[in-house]
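Have a look at the structure below before the remarks.
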Amino acid sequence: MSIISKDISKAIELLSAEDIIAIPTETVYGLAGNIYSEKAITSIFETKKRPFFNPLIVHISSIDELSDIAAYVPKKARLLAEAFWPGPITLVLKKKASIPDLITAGKDTVAVRVPNHPTTLELLRRLDFPLAAPSANPFSSISPTTAQHVESYFKDQIKMVLDGGACTSGIESTIIGFENDEPIIYRLGSTSLEDIEAVVGSITLMTKNDVAPQAPGMLDRHYAPKTKTILTDNVSEELKGFPDKRVGVLVFTSEIEHPSINTQIVLSRTGDMKEAASHLYDALHQLDVHDLDIIIAERFPDHGLGKSINDRLQRATAS
Ligand code: TXA
Ligand code: MG
């Protein structure tokens, strides 16, 4: 029997009983539990096989609840929350003492956001506790953007996937931390750098080496298909290296003609990066079931959401 359901009351019942369920957001599905329940939070880590040193994002229903979570909110953090919430920006702020260490992996900061999905906003409003929710995929595999993706990962381990349809943004939230009250990007994501800079001015992008202590989940191979995947500026040239292989190709706007291509997915025929981002993970999920020898992905233009898409493709190809 399917565990996918639209029943919000049932979701409330399970979460109130310290169970975990999957919830929809505009970015990806999350594996959610009561932030104040040690049982629920432990089971999120165990179900995902996520190391305990990698902290979780707290989801709240409105900016008004931020004062329950963060002990201090820099001016630019407030500007960003006002500009983008509900929406795909996560702020890393000094935590209140009441936030359990399990959520923050012992750090004195907490990641928090208001997701922009009607079902989950209703759910959060009706609950009397916030939800911790990492992406609902096993550690380091492709993030889920449909209820079916989650079901195929976890159908024997969780009781319910709250169905909210396909995620509209399709890649995770942009994560922003603060140093001396100035914002720093910890993870590229569904809100572009350009849109963020329009609100708070020029912003620092944390380099790969700095990321480790700040956002440990961002270091290694991540968002990865099981099939070996490579990222290139020139798919046609790369194809020459695999004459007798079963090749899958992931391109931005238009098909490539080549006899080696077994399966090909175009992410946006009109060249719309928002559309491409919303289809990215589903395309990787689809290519991954074709029993291919290799997936060749085309690099995106390095601006706007293209930067975030390239970041995910880069991590999908890391070994
Ligand atoms: O779009 C999203 O953000 C989705 C949906 C479900 O909201 N969630 C998500 O969660 O992507 P997750 O757990 O897959 O990624 C959370 C990232 C991790 O890389 C973690 O290291 C970082 O957030 N993070 C969480 N708390 C942090 C903190 N206190 N300081 C620095 N990084 C933190
Ligand atoms: Mg994740």
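Including glycine, each Cβ sits where the backbone N, Cα and C put it.
Residues Arg50, Asn54, His59, Thr109, Ser143, Arg187, Tyr223 are given by TrEMBL as ATP binders; from Ser67, Ser135, that same site also lists Ser135. In TrEMBL, the L-threonine site is described by Arg113, Ala133, Ser173, and among Thr27, Thr263, Thr270, Thr317 the residue recorded at this site is Thr27. Counted within 10 Å of its Cβ, the other Cβ atoms near Arg113 (L-threonine binding site) come to 24, all protein chains included. With respect to their backbone Cα atoms, Arg113 (L-threonine binding site) and His59 (ATP binding site) stand 5 Å from each other.
When the record's L-threonine-binding residues Thr27, Arg113, Ala133, Ser173 are compared pairwise by CA position, the greatest distance found is 12 Å. Considering other CB atoms within 10 Å as the measure, the emptiest surroundings among the binding-site residues Asn54, Thr109, Ser143, Ser173 are those of Asn54.
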